[in-house]
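S.K.: Input: one structure, supplied below.
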Amino acid sequence: MQNLLEIRRRLHQIPERGFEEWKTKKLIEETLASFPQQHLEVFSWRTGFIVKIKGTHPTKTIAWRTDIDGLPIEEQTGLSYASQHAGFMHACGHDVHMTVALHLVEALAERPAKDDVLVYFQPAEESPGGALPMLSWVKEQHPELVPDEFYALHVAPELPVGVISTKPGILFANTSELYIDLHGKEGHAAFPHRTTDMSVAAAHLLIQLQSIVSRSVDPLQPSVVTIGKMTSGTVQNIISGHARLEGTIRTFDAAVMTQIKERIEAICRGVEAAFDCRVAIDYGSSYHQVYNHHELAEVFRDFAVQDPDVTYSEAKEAMTGEDFGYFLAGIPGVLFWAGAQTEYGLHHAKMAPDEAMLPVTAQFVERWIRSRAE
Ligand SMILES: CC(=O)N[C@@H](CCC[C@H](N)C(=O)O)C(=O)O
């Protein structure tokens, strides 16, 4: 393989939307083709695939997962190797995740472990979620590719390079996307009485949604309702007949997710009555919480604490979402953070992981997976 830096930069330049990662898939395939092939077997699924690296004397199967999609964000890092896809960026570190996964495949292709290792290249983590359909396909078509243990990492901008961080039990939240369309009656700006203004209705709805976490949910239950995008209207002198709110809901408790959705529906019915309009709710895709296996997370912690090249730090739960949670719902394993030391957080247009994390993290992952597959 070219060095880690080079492959990561090439991946960084071609971020693609979930389930449209064709260039990414081609580049990964080309890279895989440069590895020794003797122990490799590749199973293709949509824009992703699973690489099996056959072990020398397998008795179990250990899996590693990387996500491969980018985000609809216009990159503002100013890097020489910035995204070449206008409006798309690897702002969640999936280029780093893929590079680490490729290093793992290469290392095992050259010197296989005792057990079989699977590396999942999973599409569409950001949206609409590739883990659940990929897992269904595996269970139906290739049950032999359901591993005994499953691991993955996520870059952590706020942690220094070399820091590895996780915890047993819940790590990331349950999520549900949220799309709300408000349909009213468009008309001339000078004749508001002949219209039903969806900008005003959407503004009221946005404020009322903020009362759910602050006034309906038990304050001891962590939850988030975020509207990240709000659009309405066409031009300055036409009253808007359509507005749209796009957001996400996060909870640790599945019952709280249900409660929040019930409140959203009630508030929307109220807005319909108050503003004489029709409000349609779509929950898009939802992700299962990331729940680390207690025993394996402790084994992982002991391993990382004793590894001289990394520093272990116990994580706190976060309201982040990750569809890796679907894999961990049925297969024991661990998701952990890997320090990327950058000023800007995940999903920021200037998020630029310190590339010094690449060798440190890739080699740590190789050591960890070998330790589980020996
Ligand atoms: C690690 C990370 O940032 N993950 C995303 C997952 C998105 C889930 C879904 N599309 C949603 O918005 O609910 C995150 O935003 O936490």
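Heads up, the Cβ atoms here are built off N, Cα and C, so glycines get one too.
Automatic, uncurated: that is what TrEMBL annotation is.
Owing to the predicted nature of the structure, the values given are computational and were not obtained by experimental measurement.
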S.K.: Which candidate from His294, His347 does TrEMBL annotate alongside Cys92, His94, Glu126, His154 at the Mn(2+) binding site?
M.R.: His347
S.K.: Just to be sure I understand, if DSSP states are collapsed into helix, strand and coil, how many residues of the domain 'Peptidase M20 dimerisation' (179-269) fall in each?
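M.R.: With helix first, then strand, then coil, the domain 'Peptidase M20 dimerisation' (179-269) has 38 helix, 31 strand, 22 coil.
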S.K.: Going along the chain, which residues six or more apart from Cys92 (Mn(2+) binding site) have their CB under 8 A from its CB?
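M.R.: In sequence order, the residues whose Cβ lies under 8 Å from that of Cys92 (Mn(2+) binding site) (at least 6 apart) are Asp67, Gly70, Leu71, Glu125, Glu126, Val155, Leu346, His347, Met351.
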S.K.: Are there any residues in the same chain, six or more apart in sequence, whose C-beta is under 8 angstroms from the C-beta of His94 (Mn(2+) binding site), and if so which?
M.R.: Pro15, Thr66, Asp67, Ile68, Asp69, Gly70, Glu125
S.K.: In the three-state scheme derived from DSSP, which category covers His154 (Mn(2+) binding site)?
M.R.: strand
